[in-house]
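Pulled from TrEMBL:
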{"type": "TRANSMEM", "residues": "B:7-29", "note": "transmembrane segment"}
{"type": "TRANSMEM", "residues": "B:74-98", "note": "transmembrane segment"}
{"type": "TRANSMEM", "residues": "B:110-131", "note": "transmembrane segment"}
{"type": "TRANSMEM", "residues": "B:143-171", "note": "transmembrane segment"}
Amino acid sequence: MAFIRLFWVFLKIGAFSFGGGYAMLPLIEEEVVHIHRWLSSVEFVDIIAISQMSPGPIAINAATFIGFRQLGVIGSIVATTGVVFASFFLVTTLAHFIIKYKNAPFIEGVFSGIRPAVIGLISAACVSLFQTSVVDMKGFAIGLIVLAILYKSKLHPIGIIMLSGVMGIVIYSF
Amino acid sequence: MKEYFKLFSIFFRVGAFTFGGGYAMIPIIQKEIVESHQLIDEQDFLDIIAVSQSLPGPVAVNTAVFVGYKLKGIFGAIAGLLGTVLPSLLVILLLAVFYNNIKDITAIQLFFQGVRPAIVALILMSALKLSKSISKTSFNISIILFAFIAVALLKVHPIPVVVLCAVAGLIHRKKEGEHGLH
């Protein structure tokens, strides 16, 4: 029963949190801290800290961590499956129709408006990320160096991430 | 089987290096799927980001499922999903076990202090590259500006912005049709 409840709670979180990332936090907090009391408020903040030190979507990280704490490794798999369950069905269903009717005038019209909007959305994400991620001149310098490298070379983003991390350790140690 | 493994391994890398929220995976997917392997063109990639952003759930997961489905059907979607989720699952399990020992290691924190500004630069370059795939018509430029201002300055949620822009696209196409243009 505990497994079913874990699955159900994370299914709800996955199905009702729009916008990804930090937009999912209030719903996760409500379910796991206030309703089910699986975590204290302090532990919840710890999870956010852990998510900032580890890769992947914050909802997946929270699901894995809470699932593990509640019911071990199987619990972490159950909670993570729950959180991606709705995504999987909604995305494959919608993708099916979008690919099938790609050339229908309606779909073409819709995406002719959405495509430029996405450029605007990504640029907007840059602005808000800049505000939270670039907190001092050292960070600003790292950002500028990375821009220069990206402009001059075709270094893979993973290479950039590793390099900037090392720069962080070097620059912030002094 | 080989192709499913390729999808899995691409999204495993995406999952393993997505730091700092859903948009951080855009530069890596762009590099792997659009540029290096040329599995999807930039216009389709923009469509996929829009849909992934508008549906519930983590954006990185939605994108992986959509790309996987588009390339290899339902099993491709599963391969993309597993690839994206597995790195998080493994890393978090390790962290959950050793959390009290690593919580305070300053080197890790400094590493991420360096990574965060780099992610901003990476996403900025992605936006610039993707903007090249769109023709510079006055309609497109006004939509880009509208979406940017609404989300960045007026703090409107992205979903109503996407819906409005979709409607604008429909109306615009219809008017073009009436004028006999394509």
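Backbone N, Cα and C atoms are what each Cβ position is placed from, and that goes for glycine too.
With a threshold of 8 Å between CB atoms, the same-chain residues lying at least 6 positions outside the transmembrane segment (B:7-29) that come near it are 37, 45, 49, 53, 58-60, 63-64, 67-68, 71-72, 76, 79-88, 91, 112, 115-116, 119, 122-123, 125-126.
Same-chain residues lying 6 or more positions outside the transmembrane segment (B:143-171) and placing a CB less than 8 Å from one of its CB atoms are 50, 53-54, 131, 134.
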